[in-house]
Structures are given as C-alpha cells and as structure tokens.
C-alpha cells in the first residue's frame with residue numbers, strides 16, 4: 001500500500017485517509033468513508049515527511065502527486081535500501097533524491113602512517129584528531145535520484161576537457177601551417193629543411209592532442225596485435241542508480257565489464273566498438289542463489305565464469321573511425 005515509506009521505516013502509526021481523516025486497516029485499498037484510492041493515503045506520524053515536503057517545495061509535491069512518481073519513489077527507496085545494506089547511512093531524504101553518507105575513522109594503513117609521523121610528539125592525539133577529521137569532515141557522500149541523470153558533472157567536465165584538447169590541436173596545426181609557409185618562402189634549401197621538420201613536429205603534436213587519438217594510444221595493445229582484437233576489461237564501480245544486467249537489482253558496489261572489438265595496426269586500434277554491462281556483487285561473483293535446473297547437471301564454477309566472460313548482449317556504444 002502506498003503509504004509514506006519514510007514513516008514506515010521509522011516505525012510510524014497506523015495509516016489514515018488524507019481526504020477525510022478516517023483510520024484505515026493496513027490491508028485497505030480504498031477509504032471506507034469517502035472511497036479515496038490508497039494512492040493518496042498517508043501516515044499519522046509523518047511529521048518528518050511533512051517537514052521534508054515543506055523544505056523541498058513544489059518539486060517534491062509534484063513528484064508525490066503524479067501517477068508515475070510512485071514508481072519512481074519505489075525505485076529510489078529500493079536503491080536506498082540497497083545502499084543501507086552496504087553500510088551507507090541516509091543523511092537527507094528530499095523526496096525526489098536522497099543524500100547517502102558513509103563515515104569511517106580511516107584505514108589501518110592511514111593511521112599507521114599518521115602514528116609514525118606524529119606519535120613522537122603527540123602521544124597518539126594525532127591519530128585521534130585524524131580519525132575525527134575522517135569521520136566528520138571527510139565522509140564519503142553520494143546522491144541517489146529517482147531516475148538516472150545523464151548529464152552529470154563528470155560528463156560536463158569530460159566534455160570541457162575534450163574541447164580544450166581540440167583547441168590545442170587546432171593551435172598546433174595553425175602553427176605547423178605558418179611554419180610550412182615560411183619554409184616555402186625561404187630560398188635557401190638548407191634553411192627550409194629545419195622549418196619543414198618543425199612544421200611536421202607541430203602537426204604531429206596536433207594529431208596526438210585529439211581526444212580520439214589519445215584514447216586509442218591509451219588502449220593500445222602489443223605491437224604484434226594486428227587485425228581484429230576482442231577484449232574484456234573489468235573495473236569496480238559504485239552505481240546504485242544502475243540496474244544489474246543479470247538480476248535487475250541496483251548494482252551498488254559492483255562490477256563494470258567493458259566489451260571491445262577493435263581493428264588494430266601494430267597494436268594501435270584504428271577502429272573500435274564497445275559496450276558495457278553492470279553487475280551487482282552477487283551476480284559478478286556467481287554467489288546469488290538460483291533455482292537448480294533439474295533437466296541437467298549443475299554448471300561448475302569454471303563454466304559460470306566462462307558464461308560471464310562470453311556475454312554477448314552488452315549496452316553497445318560505438319566509436320567512429
């Protein structure tokens with residue numbers, strides 16, 4: 001039943017109808033007095049939610065009144081619940097997004113380094129101050145939203161960096177053209193050769209400054225890699241707003257697999273296409289319980305690993321030549 005979910009988590013009282021105030025049974029779908037659907041039922045002890053709605057204003061009210069917002073809210077609360085299981089704490093809930101925080105006193109290695117530096121004159125007080133700083137001032141935070149936001153700050157920063165590199169390449173090519181023109185105007189051949197060499201250097205610098213060329217150089221293979229090359233890369237991610245490709249639950253602290261098909265020349269990929277899938281920790285490790293298949297023998301751990309590496313339906317993102 002669509003009651004105030006924050007109040008349910010905090011152990012609120014019985015629900016009531018927001019239209020006429022009649023008390024309702026937990027299993028009621030409609031108000032017995034006015035017939036209002038349970039989509040607008042609230043909780044008697046929802047003072048905290050009312051405070052949040054007053055603080056967030058019309059945007060939060062619109063998200064709770066629209067028909068599709070109930071589903072969005074359920075998705076958000078599922079992500080919040082998954083984050084809570086992974087050790088995060090709910091710091092603020094604004095209705096359409098929530099701020100999660102994970103506090104720690106610092107790792108053992110960090111405190112060991114601090115102790116080696118400060119124990120001689122602080123007698124352990126330095127470690128206590130460092131732990132307080134990590135817990136209060138350097139806590140890890142993240143924002144969970146009802147839907148995935150494509151234009152994030154990281155995307156905007158990446159776009160700005162790519163634009164700067166393109167401007168750098170254009171400046172290098174302009175300098176190469178000017179130096180080449182000067183070299184053509186020089187009558188003496190001995191003086192024109194160094195100018196042509198300098199123009200070539202500027203042109204090469206401009207090509208190497210292009211973001212697409214940089215990506216290809218960073219992902220280069222060994223010199224013996226020629227023709228079509230397939231590869232699978234893995235990295236850990238923290239993505240509570242992405243569904244797992246296997247079970248559709250939030251990924252949380254999971255795994256990202258990047259599938260690449262490249263055409264290489266001397267190890268440098270000239271053309272490439274890639275796709276990526278996100279997996280939660282249980283699906284990535286093959287530890288999620290599944291219903292056994294009685295029609296055949298269970299697959300071994302090696303077969304499960306092989307199946308995971310042979311995924312053929314990633315979210316494809318193609319890169320132009």
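All positions are counted from 1 along the displayed chain.
Cβ coordinates are placed from backbone N, Cα and C, and glycine is handled just like the others.
TrEMBL annotations: computationally assigned, not manually curated.
Note that the structure is predicted; figures quoted are calculated from it, not measured.
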Candidate ranges 250-285, 286-321 [criterion: TrEMBL lists as region 'Disordered']: 286-321
7-40, 41-74 - the range that TrEMBL marks as region 'Disordered': 41-74
The domain 'DUF8108' (156-213), counted residue by residue under DSSP: helix, strand, coil: 53 helix, 0 strand, 5 coil
Intrachain residues whose Cβ lies under 8 Å of the transmembrane segment (193-213), provided they are six or more past its termini: 161-162, 165-166, 168-173, 175-177, 179-180, 182-183, 186, 319
PLDDT averaged over the residues of the domain 'Zinc-ribbon' (16-35): 67
